[in-house]
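Quick look at what Swiss-Prot annotates:
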| type | residues | note |
| --- | --- | --- |
| ACT_SITE | H63 | active site, charge relay system |
| ACT_SITE | D118 | active site, charge relay system |
| ACT_SITE | S211 | active site, charge relay system |
| DISULFID | C31-C171 | disulfide bond |
| DISULFID | C48-C64 | disulfide bond |
| DISULFID | C150-C217 | disulfide bond |
| DISULFID | C182-C196 | disulfide bond |
| DISULFID | C207-C232 | disulfide bond |
| DOMAIN | 25-256 | domain 'Peptidase S1' |
| CARBOHYD | N106 | N-linked glycosylation site |
| SIGNAL | 1-18 | signal peptide |
Amino acid sequence: MWFLILFLALSLGQIDAAPPGQSRVVGGYNCETNSQPWQVAVIGTTFCGGVLIDPSWVITAAHCYSKNYRVLLGRNNLVKDEPFAQRRLVSQSFQHPDYIPVFMRNHTRQRAYDHNNDLMLLHLSKPADITGGVKVIDLPTEEPKVGSICLASGWGMTNPSEMKLSHDLQCVNIHLLSNEKCIETYKNIETDVTLCAGEMDGGKDTCTGDSGGPLICDGVLQGLTSGGATPCAKPKTPAIYAKLIKFTSWIKKVMKENP
């Protein structure tokens, strides 16, 4: 599981953290300004990414659960004043019912179970204003194709030796890999509800602070960052993402029942 404990209040003037797990963009680049308008920052007891799928709804990783959240939208840089920046509180959160939190796990289970059904919906206390820098992205309608070039994004650490978030939103281009590649690394992963993406040669990855952020393959939102190996970007150790096509019915049901 990849998540990041904040050492600061929401001033965001200085962002340092110590990760109990791992999830950041490594080997990436500064995203083009406003190119990822659905990307949000989710701040609770941990720092995570998230995705705006409706003006009132954000989807993120279940392991990013907190009692309270603040959501930053329209951000490219976490510390600068930006014209499209918005801030929202969260009125309700809904972890997937089949996600098993760490504190409830049977200790005989292997770590890969952390990543199964790892998604959560956040109901914003006030709908986001849709602008040039804040937009929703549609849920997938078809299975992603192995070999697709995918884009992951987030403000997670870019250097595993520095416990510090990136101020600028980072993007990284990686390949969607086969289930077999995932099973080689994570023996008990449930590949029907997860995706594996990365570079088998290493060097490019998501990592600490990126959990819950988007994985967009061939222009379609297909996954949410869940976790991976430590340190990030190791050869032959792709990262794990929640496979959203398997959860669209649950997502729509929760949104409909909680207008």
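Note: Cβ is positioned from N, Cα and C throughout, glycine not excepted.
Features per Swiss-Prot, on structure.
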| residue | record | contacts (Cβ under 8 Å, 6+ apart) |
| --- | --- | --- |
| C31 | disulfide bond | N76, S153, D168, L169, Q170, C171 |
| C150 | disulfide bond | P144, N173, I174, H175, L176, A197, L215, I216, C217, D218, Q222, G223 |
| C182 | disulfide bond | I189, T191, T194, L195, C196, P238, I240 |
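Among the recorded positions S211, C217, the residue whose Cβ has the fewest other Cβ atoms within 10 Å is C217. Averaged over the domain 'Peptidase S1' (25-256), the predicted model has a pLDDT of 90.
Counting every protein chain shown, the Cβ of H63 (active site, charge relay system) has 25 other Cβ atoms within 10 Å. A simple way to gauge crowding: the CB of C48 (disulfide bond) has 31 other CB atoms within 10 angstroms, across all the protein chains here.
Reported as a whole number, the C-alpha separation between D118 (active site, charge relay system) and C232 (disulfide bond) equals 19 Å. When the Cα atoms are compared, C207 (disulfide bond) and C48 (disulfide bond) turn out to be 11 Å apart. Around the Cβ of C232 (disulfide bond), a 10 Å sphere holds 28 further Cβ atoms from the protein chains shown.
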